[in-house]
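Feature annotations, courtesy of Swiss-Prot:
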ACT_SITE  His95  active site, proton donor
BINDING   Tyr27, Ala58, Leu59, Glu60, Cys87, Val88, Ile89, Asn120  5-amino-6-(D-ribitylamino)uracil binding site
BINDING   Glu92, Thr93, Arg134  (2S)-2-hydroxy-3-oxobutyl phosphate binding site
Amino acid sequence: MVTPRRDSGKDRPSLKDARILVVEARYYEDIADELLRGATAAIAAAQAEAEVVTVPGALEIPQAVAILVEAAAREARPYDAVVALGCVIRGETGHYDIVAGESARALMDLSVLLRLPLGNGILTVETEAQAQARARVSEMNKGGGAAEAALAVLALKRAKAAERPDRTIGFTPRRTAETQE
């Protein structure tokens, strides 16, 4: 089995002032507890601030992220990154495919549209045993991994902003002869 390479965070710029939104679905309580434990430990290790908000299920996570990110920006206290935590276990119907696919798609859409670093820690598994193994901090620690992913992208975003402070990060329209007139 191949061992995944993890970002140790040791070469990362300080994230001490970072505000990280953690939105967790509590549908499977024991799994949610472990995912949250891993995520908050990773955020604390980066000396960032975590704000945890709970929603019923995975499909509600993208909605909550959109609402909370907008509200925080309005209050001039924007989030620097988001961590989404939850679990979807395949059942007997096609509901699993809808919840797993749509929650992931909506989160990616939000992340790209808002240029907001986001770690997706929504487990999509066949069995509860698989979910527990992936959630446990002592095993696969997917909650911690999701937080580390968000923190790594935030560090990249900050590093690029520091290189070019006069420019925003993201796409800029290409200027052509027609647009310059």
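Quick reminder: no glycine exception, Cβ is built from N, Cα and C everywhere.
Taking the Cα of Arg134 ((2S)-2-hydroxy-3-oxobutyl phosphate binding site) as the reference point, the closest of the recorded positions Leu59, Cys87, Ile89, His95 is Cys87.
All protein chains considered, the CB of Arg134 ((2S)-2-hydroxy-3-oxobutyl phosphate binding site) has 21 other CB atoms within 10 Å. Separating the Cα atoms of Ile89 (5-amino-6-(D-ribitylamino)uracil binding site) and His95 (active site, proton donor) is a whole-number distance of 10 Å. Mapped onto three states, the DSSP output places Leu59 (5-amino-6-(D-ribitylamino)uracil binding site) in helix. The 5-amino-6-(D-ribitylamino)uracil-binding residues named in the record, Tyr27, Ala58, Leu59, Glu60, Cys87, Val88, Ile89, Asn120, extend over a maximum Cα to Cα distance of 16 Å. Note: the Cα of Ala58 (5-amino-6-(D-ribitylamino)uracil binding site) and the Cα of Glu92 ((2S)-2-hydroxy-3-oxobutyl phosphate binding site) are spaced 18 Å from each other. Within 10 Å of Leu59 (5-amino-6-(D-ribitylamino)uracil binding site), counting CA to CA, the recorded positions Glu92, Thr93, His95 contribute nothing. In the three-state DSSP reading, Arg134 ((2S)-2-hydroxy-3-oxobutyl phosphate binding site) counts as helix. Site extent for (2S)-2-hydroxy-3-oxobutyl phosphate: the farthest pair of Cα atoms among Glu92, Thr93, Arg134 sits 23 Å apart.
Here Glu60 (5-amino-6-(D-ribitylamino)uracil binding site) is positioned 21 angstrom away from Glu92 ((2S)-2-hydroxy-3-oxobutyl phosphate binding site), judged by their C-alpha atoms. If you take the Cα of Asn120 (5-amino-6-(D-ribitylamino)uracil binding site) and the Cα of Thr93 ((2S)-2-hydroxy-3-oxobutyl phosphate binding site), they are about 24 angstrom apart, rounded to a whole number. The 10 Å shell around the Cβ of Glu92 ((2S)-2-hydroxy-3-oxobutyl phosphate binding site) contains 6 further Cβ atoms across the protein chains shown. Around Cys87 (5-amino-6-(D-ribitylamino)uracil binding site), the same-chain residues at least 6 positions away in sequence with a Cβ under 8 Å from its Cβ are Ala25, Tyr27, Tyr28, Ile31, Ala32, Leu35, Ala58, Ile122, Leu123, Val125, Ala131, Ala135.
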